[in-house]
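Feature annotations, courtesy of TrEMBL:
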REGION    5-72  region 'KHa'
REGION    73-140  region 'KHb'
DOMAIN    98-165  domain 'K Homology'
REGION    181-385  region 'Metallo-beta-lactamase N-terminus'
DOMAIN    194-418  domain 'Metallo-beta-lactamase'
BINDING   His244, His246, His331, Asp354  Zn(2+) 1 binding site
BINDING   Asp248, His249, Asp354, His608  Zn(2+) 2 binding site
DOMAIN    423-548  domain 'Beta-Casp'
REGION    583-641  region 'Metallo-beta-lactamase C-terminus'
Amino acid sequence: MSQVEKQLADTKAQIESEIPDDISVTDVKYEGPELVIYTRHPKEFAQDGDLVRQLASKLRKRITVRPHPDVLSEPREAREKIEEIIPDDAGVADLDFHEDTGEVVIEAEKPGMVIGRRGSTLREITQEVGWTPEVVRTPPIESSTVSNVRNFLKQEREERRDILERVGRTIHREEMADEQWVRITTLGCCREVGRASFILNTAETRILIDCGDKPGAEGEVPYLQVPEALGAGAQNVDAVVLTHAHLDHSALIPLLFKYGYDGPIYCTEPTRDLMGLLTLDYLDVASKEGRTPPYDSAQVREAIKHTIPLEYGDVTDIAPDVKLTFHNAGHILGSAVSHFHIGDGLYNVAFSGDIHYDDTRLFNGAVNDFPRVETLVMESTYGGRNDYQTDQEDSERKLVEVINETYEDDGKVLIPAFAVGRSQEIMMVLEEAMRTDKIPEMPVHLDGMIWEATAIHTTYPEYLRDDLRDRIFHEDENPFLADQFNHIDGGEDERQEVADGGPCIILSTSGMMTGGPIMSWLRHLGSEEHSTLTFVGYQAQGTLGRRIQNGWDEIPVQDPRDRSRESTISLRMGIEVVDGFSGHADRQGLENFVKTMNPRPEKVLCVHGDERSVQDFSSALYHDYNMRTFAPKNLETFRFK
Ligand SMILES: [Zn+2]
C-alpha cells in the first residue's frame with residue numbers, strides 16, 4: 001500500500017468515526033486539493049447542514065460529498081424533482097447529469113437562487129435526489145470564450161479527473177525533506193516591466209508564479225531554463241500560480257506544457273477564461289505579424305485543462321508544505337494577491353501581482369490584510385517619486401467635458417482602449433454620465449475584443465465591486481446591458497454606417513493603436529476636424545498612440561482590402577489625453593498598500609517597474625517606514641529561512 005493510499009485509508013476511518021453509524025463511506029479520494037467522499041447515503045449526509053463543515057474543519061481539507069453510483073436516482077426522475085425545487089425565477093437553462101461522479105451541473109441565470117441561503121437549496125436537492133449539484137451562471141451577455149471553455153472542460157471531463165487525481169496525490173504526498181528553507185528566485189520583471197515570473201522554492205516544493213512576455217520585445221522571455229526553475233526538468237515544478245490574465249504575466253503559461261510541464265495551474269475562474277481569450281489572441285496577432293509564436297492553440301487548451309480555479313479567500317493545500325490563498329487585487333477581473341503559507345507556521349510570503357489600492361468603478365481596492373506575512377514581493381510600476389496620477393473623479397470630469405464639447409460640434413469621440421479592464425471602467429463612467437444627464441444619450445459602439453471581454457465580466461459579478469455586483473444581482477439593472485452599448489459585429493459595413501451617422505462614442509482596440517479595428521476607425525474619422533481622438537490609457541514608447549500624442553499627423557495605413565497598398569491619412573481630429581484611469585496603483589497607492597498592510601512585512605522585494613521606479617520606491621519604503629527593502633535584478637535568489 002502506497003503512502004497516499006494508507007493516508008486515505010486512515011482518513012476514511014477517521015471520517016467513519018466522526019459521522020453517525022447509519023451513514024456509510026464507500027470511498028475517499030483526492031481530486032486536486034479536495035477530498036472527495038463517496039457514500040451510499042448522500043441524502044442523510046445532506047440532512048445535517050453542519051456535518052460536512054465540521055468534517056472539513058476537523059480534517060483541515062476542502063470536502064466534497066458524492067453519491068455512490070449504485071444509489072443514484074434516474075436522471076429523468078431527478079430532473080423533474082430538481083425543477084420542482086428550484087424557484088422559476090432562477091432561470092435554469094440546463095441540467096447536465098454525470099453518472100460517473102453523481103454530479104449534476106445546473107446552469108442558471110441566477111445561481112444564488114439555486115444555492116439558497118447558506119446552501120439550503122443545494123442541500124434540499126441532494127436530500128431529494130441524491131445527486132451532488134454544482135452551479136454555473138448563464139452569462140447575461142453571451143460569451144463565446146465562456147461557452148468554449150465550459151464545453152471543452154465537459155468534453156475533457158474524464159482526462160481532467162485523472163489529472164486532478166494525480167495532482168491530489170502529489171499535494172498529499174509524504175514530506176521527504178528533513179531540512180526547512182524558503183527561497184525566491186527572480187526570473188523576470190525585475191528593474192523592468194514585462195515577463196513577470198518567479199520561483200518559490202522550499203526544501204520540498206517548487207512553485208512558479210506567473211510566466212509572462214515582454215510586450216514589444218518578443219525575444220526577452222523569463223529565465224525559465226535556470227536550474228532553480230525548469231532547468232532541472234519541468235516535472236520538478238509542483239505547481240504554477242497565475243496572479244492575473246494580462247499577457248505580461250500569462251502569455252507564456254501555455255509554453256510550459258510544450259516544455260513538458262504536466263501539473264496544475266492555480267488561478268481564479270475569470271483569470272482562466274481571460275487567459276484563454278488573451279493567449280489565443282496573442283497567437284493570432286503573432287501570425288498576422290508574420291512571427292512564429294512559441295506555442296500553438298493545443299497548449300492553450302492544455303493550460304485550461306490543467307487549471308484548478310480557486311475563489312478569493314479559499315485556503316488551499318497546493319503542496320505538502322504550502323497553502324495558497326488568493327485575495328482581491330483590484331487590478332483587473334479575477335486579479336489576485338497571492339499569499340503562501342509555508343510549513344507549519346514556518347514562513348509567509350505574499351506576491352502582490354499588479355494591484356490597484358483604491359476602489360475603482362469596477363473593483364474594490366486591493367486586500368492587504370493577512371494572518372501573517374514576513375516577505376512581500378511588490379509591484380512598483382508607478383513607484384517613481386513623481387508617479388502621481390490624476391484623481392479618477394477629475395479624469396471623469398474631463399472626459400465628460402471632452403464628450404460634451406465634441407457632441408456640440410456634431411462630432412464623434414474615438415477612444416482607443418484595452419479590451420480587458422479599462423474599456424469596462426469607461427463603459428461604467430459613460431453609463432452613469434448618461435443616466436444622470438451629464439452627457440446626452442448617444443450610442444456607444446464597442447469594437448474589437450471589448451464586447452467579449454465585457455461578456456466575461458458579466459459572467460463573474462462576484463469579482464466586481466460590491467455595489468456594482470448588487471446592481472447586477474438584485475435590481476435587474478445590469479449597467480453593462482444598457483441600451484446605448486452596441487457591439488460592432490458587422491465589420492467594415494457597420495463601421496461605415498456609424499462613420500456616416502451622428503454623434504456617438506466609439507471604444508476600440510488596440511489600446512495603444514498598434515493594430516486592430518482602431519486603425520480602420522482612423523481611416524473613417526481621421527480627417528474629421530470636429531471629432532476627437534481621446535486617449536484614456538498609457539501609450540508606450542514606439543507605439544502609434546505615443547507618436548500621435550507627440551504631434552504626428554501624417555499616418556501611414558494599409559488598405560484593408562489590399563494589404564500591400566499603403567496610403568497616408570492626414571489627421572485632423574482633435575487630440576485629447578485624459579489620464580487617471582489606470583488599473584495600477586500610483587505611487588501614493590503603492591505606499592498606502594504597504595503602510596496600512598496588516599501585519600507590516602519585515603522585507604519587501606520591489607519588482608515590476610523600470611529601474612528608477614523600483615529604486616525610488618524601495619528607498620522610500622526603507623527611509624519612511626524603516627523596512628528592509630530590496631530592488632532585485634533578474635536571476636537573483638533570496639533565502640528567507
Ligand atoms: Zn496587469
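Cβ coordinates come from backbone N, Cα and C, glycine included.
Rounded to the nearest whole angstrom, the C-alpha distance between His608 (Zn(2+) 2 binding site) and His244 (Zn(2+) 1 binding site) is 14.
The record gives His244, His246, His331, Asp354 for Zn(2+) 1. Within 8 Å of the mean position of their Cβ atoms, the other Cβ atoms in that chain belong to Thr243, Ala245, His249, Ala329, Ile332, Ser335, Gly353, Ile355, Gly583.
Using DSSP to sort the residues of the region 'KHb' (73-140) gives these counts of helix, strand and coil: 32 helix, 19 strand, 17 coil. Note: the region 'KHa' (5-72) comprises 34 helix, 17 strand, 17 coil (DSSP; helix = H, G, I, strand = E, B). Helix, strand and coil counts under DSSP for the domain 'Beta-Casp' (423-548) come to 60 helix, 15 strand, 51 coil. Confidence across the region 'KHb' (73-140), taken as the mean pLDDT and rounded to a whole number, stands at 93. Residues Cys189, Val193, Gly194, Ala196, Asp210, Gly212, Thr243, His244, His246, Gly353, Glu379, Thr381 surround the recorded Zn(2+) 2 site, their Cβ atoms falling within 8 Å of the Cβ centroid of Asp248, His249, Asp354, His608, which are themselves excluded. For the binding-site residues Asp248, Asp354, the greatest number of Cβ atoms within 10 Å around a candidate Cβ is found at Asp354. Rounded to the nearest whole angstrom, the C-alpha distance between His249 (Zn(2+) 2 binding site) and Asp354 (Zn(2+) 1 binding site) is 9.
Using a 10 Å Cβ-Cβ cutoff, His246 (Zn(2+) 1 binding site) registers 25 neighbours. Long-range Cβ neighbours of His331 (Zn(2+) 1 binding site) (same chain, at least 6 residues apart, Cβ-Cβ under 8 Å): His244, Gly353, Asp354, Ile355, His356, Phe363, Ala366, Gly421, Gly583, His584. Within 10 Å of the C-beta of His244 (Zn(2+) 1 binding site) we count 31 further C-beta atoms, all protein chains included.
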